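Residues annotated as domain 'Dihydrodipicolinate reductase N-terminal' in TrEMBL: 6-110. Summarising the annotation, TrEMBL assigns NAD(+) binding site to 12, 13, 14, 15, 16, 17, 80, 81, 82, 107, 108, 109, 110. Per TrEMBL, the feature domain 'Dihydrodipicolinate reductase C-terminal' maps to 114-247. Marked as active site, proton donor/acceptor by TrEMBL: 137. Residues or ranges marked as (S)-2,3,4,5-tetrahydrodipicolinate binding site in TrEMBL: 138, 147, 148. Taken from TrEMBL, the feature active site, proton donor applies to 141.
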Ligand SMILES: NC(=O)C1=CN([C@@H]2O[C@H](COP(=O)(O)OP(=O)(O)OC[C@H]3O[C@@H](n4cnc5c(N)ncnc54)[C@H](OP(=O)(O)O)[C@@H]3O)[C@@H](O)[C@H]2O)C=CC1
Ligand SMILES: O=C(O)C1=N[C@H](C(=O)O)C[C@H](O)C1
């Protein structure tokens, strides 16, 4: 094993994403897979195996405990699992202050195209009256809206606040529950679950007489793996919490 080797434990290794991550780590010449855990496996295995990094691709219910375990044991964590709301992020920030030098990347989406699409959408949202998000996923997905849509809405809302853009116009007075989607920081988010899909998102921006659509499609989970590997290669040099893979990229937007 060379000095630069990154020793990786994948959590959720039997899942759709985890199994891809196992293959990607095994194929990376600067990494070695030292543990592959599923539901019910003891986290102690990660430490016993000598992991320096974990990749968490599990479920919203378990990801927080997994990441706290990693931080407490001085392991860097690259996290793709959804469910990281403001309270969880705050608790993690607090935990990280007690473990200097440890890095956690929470990446709502590892696909470079998706990260770019969210960044473009945030910029563009400053210049349009109306902004809504449609996210479309495979029907086995357990959470809605997607973590990516929540993150995109947060970025768009922050960008609109910066330029004092008013809320999107909307004259709806009566509706069936859910007809206008979920509202994330004033941005309406609509979730589609459809057999045949993987992970897709379209941001719709409208002003008088024009529309801009910003769409990203992941047709295969291979699309997420360069981001997972980038996260593993970069984390140790970025102690503390990074939220969003854009934090490891120089997008210049
Ligand atoms: N950031 C990104 O780019 C992406 C993020 N995701 C997110 O990643 C997560 C996983 O997605 P996906 O792979 O599709 O889901 P899957 O349901 O296919 O995989 C989750 C896996 O985690 C296992 N698991 C559950 N609890 C634990 C635990 N405590 N320890 C170890 N393993 C556990 C499950 O086991 P069992 O089957 O026995 O329950 C299952 O094998 C989701 O939150 C999803 O939204 C997905 C795609 C891209
Ligand atoms: O569950 C999925 O599949 C995905 N989950 C993430 C999310 O909720 O945004 C990332 C991607 O959209 C695929």
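Glycine too: its Cβ is placed from the backbone N, Cα and C atoms.
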Quick one: mean pLDDT on the domain 'Dihydrodipicolinate reductase N-terminal' (6-110)? 98
For a Cβ distance below 6 Å to any atom of ligand 1, name the recorded positions from 12, 14, 137, 138, 148 that qualify, or say none. 12, 14
To the nearest Å, how far is the Cα of residue 82 (NAD(+) binding site) from the Cα of residue 141 (active site, proton donor)? 11
Subset of recorded positions (137, 138, 141, 147, 148) lying within 10 A of residue 108 (NAD(+) binding site), CA to CA, in sequence order: 147, 148
Write out the long-range same-chain contacts of residue 14 (NAD(+) binding site), meaning residues 6 or more apart in sequence whose Cβ is under 8 Å from its Cβ. 38
Distance-selected recorded positions near ligand 2 (C-beta under 6 Å), from 82, 108, 110, 141, 147, 148: 82, 108, 141, 147, 148
Given the (S)-2,3,4,5-tetrahydrodipicolinate site residues 138, 147, 148, which other residues of that chain have a Cβ within 8 Å of the mean position of their Cβ atoms, reported in sequence order? 82, 108, 109, 135, 137, 141, 143, 146, 149, 199, 201
Cα of residue 80 (NAD(+) binding site) to Cα of residue 147 ((S)-2,3,4,5-tetrahydrodipicolinate binding site), in Å and rounded, measures 9
Considering the recorded positions 16, 137, 138, 141, which residue's Cβ sits among the greatest number of other Cβ atoms within 10 Å? 137
Which recorded positions (137, 138, 147, 148) fall within 10 Å of residue 16 (NAD(+) binding site) by Cα distance? none
DSSP output for the residue listed as 'active site, proton donor/acceptor' maps to strand
Give the residue counts of the domain 'Dihydrodipicolinate reductase C-terminal' (114-247) per reduced DSSP state, in the order helix, strand, coil. 50 helix, 40 strand, 44 coil
Assigned conformation of residue 16 (NAD(+) binding site) - DSSP reduced to three states: helix
Cα separation, residue 110 (NAD(+) binding site) to residue 148 ((S)-2,3,4,5-tetrahydrodipicolinate binding site) (Å, whole number): 10
